[in-house]
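One structure is given below, encoded as structure tokens.
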Amino acid sequence: MEIEREAREQDLENEELEELGDEELKTNIAQRETFVLPSGQEIEKGPQSEDLQVILTRIQEIVRVLNNFRELKEEGRSRSEYVDQLIKDLGLYYGYNEYLMEKLFHLFPVSEAIEFFEANEVQRPVVIRTNTLKTRRRDLAQALINRGVNLEPVGKWSKVGLQIFDSPVPIGATPEYLAGHYMLQAASSFLPVVSLAPQENERVLDMCSAPGGKTTYISALLKNTGCVFANDANKDRCKALMANIHRLGCKNTVVCNYDGKEFPALIGGFDRVLLDAPCSGTGVISKDPAVKTNKSDDDFIFLAKIQRELVLSAIDSVDANSATGGYIVYSTCSVTVEENEAVVDYALKKRPNVKLVPSGLDFGKEGFTSYRGKSFHPSVSLTRRYYPHTYNMDGFYVAKFKKISNKIPEAPKEEEDEDIEEEEEVKVASKKKGKSAKPVVEEESTSILDNAEDEELIRGLFIFHQNQADSDSCLYF
């Protein structure tokens, strides 16, 4: 029959198409298996209009080869050649200078490095911290949900954080915000205060405090008891600091404007000190893309010197004989080793009267104990690293020290020689950079309530008001 003949012809045609498809797939696989790394001259001759797409394709191919190097490498090519080309391509594709791209790339395995750079292209979620001096998280959540805000608890690790998904009103201009019921604050900046864990009636120093997120959180944890010294070396930034302290109702806080290095001689004797040090901002690139191109080796030398001086001053400002304290928390919004593990290791060498203790944070990656030929004290593994691609928060680093004696032992002669060499490096960097660097400083904060109960209540409140809105029986103000 005619219909049967047409059906057989269609089947034959389909079989031919499948065979052609299989052959094409095999050809493509064969071509992928034999990826040829281009030379520098070939890259320069490439058409300008195809640059980004060509670069992206080459990045994907090089990553594939590096993940199975023994099988897929081109004969006569070394791994370092592939890595060098990948670093150049990533710098071009994501807009980093080659110096910073290389520095950040070597922090991760190849595939994870791509995830890190991709995460830096996406803004982090908006997070607010409940001010427990004036309200509870569940009450604040209900008030904001009534205004049509879509939110949920930031995570099990925080009892005061709320993540905002969308809001019909500006989240920084609600009556609750103006009344001081919450602080707009990055989730990562909660971490140092959680680690510091201040106790009621203690004397606490926040050495670099503006604009006041961490300071006001410390005050909330102290329940307005004791005394918080909120210091910042930049007098102009103290204005925002004082405004936030007044708005959030912190009555145990003293604002001061000194160089942090002066504190051991000025006051000292604190139960706890928080040092959120000035840094390069390599953990907050999603907020400040200029970091991709404006950082050089001189910046990191200069900043590391400031950070080392400040961490020693922070240690010297603490009283080891404190009945409840004797702790120092060092943090940065940077992911580079020079500003984090290297500074902590330096502090351990220069101040044998301190030791690293667990940070008190239940999550985060361990600090490096060795990095590209440099070895650090084994206890540096107690410090914690946070990355945008792993925890969906800004890059951050937290280390917690315990001071065991107020006596400062003398430094060995080898360390003095190292300090002289570092001084020479800093002098060169200072001449190029000028008298002061403008580092990136962040905010912070946290608090404590029943987390599981809060999550259940907040979700229930949101669903209730969403149902009310659907039935036109609820008004949002």
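Even glycines carry a Cβ here, placed using N, Cα and C.
Among the features that TrEMBL reports, active site, nucleophile is placed at Cys333. Residues or ranges marked as S-adenosyl-L-methionine binding site in TrEMBL: Cys208, Ser209, Ala210, Pro211, Gly212, Gly213, Lys214, Asp232, Asp259, Asp276. Look at TrEMBL and you will find 1-11 tagged as compositional bias 'Basic and acidic residues'. Among the features that TrEMBL reports, compositional bias 'Acidic residues' is placed at 12-22, 413-425. According to TrEMBL, the feature domain 'SAM-dependent MTase RsmB/NOP-type' maps to 116-404. Marked as region 'Disordered' by TrEMBL: 1-23, 410-446.
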Other CB atoms within 10 A, centred on Asp259 (S-adenosyl-L-methionine binding site): 13
Among Cys208, Ser209, Ala210, Pro211, Gly212, Gly213, Lys214, Asp232, Asp259, Asp276, the record's S-adenosyl-L-methionine binders - longest CA distance, Å: 20
Distance, Cys333 (active site, nucleophile) to Cys208 (S-adenosyl-L-methionine binding site) (CA atoms, angstrom): 13
Spatial separation of Cys333 (active site, nucleophile) from Lys214 (S-adenosyl-L-methionine binding site) - C-alpha basis, Å: 13
Fewest Cβ neighbours within 10 Å, where candidates are the recorded positions Ala210, Cys333: Ala210
Cys333 (active site, nucleophile) and Asp259 (S-adenosyl-L-methionine binding site), Cα-Cα, nearest whole angstrom: 20
Sparsest-packed among the binding-site residues, when each Cβ's other Cβ atoms within 10 Å are tallied, from Cys208, Gly212, Lys214: Cys208
Spatial separation of Gly212 (S-adenosyl-L-methionine binding site) from Cys333 (active site, nucleophile) - C-alpha basis, Å: 16
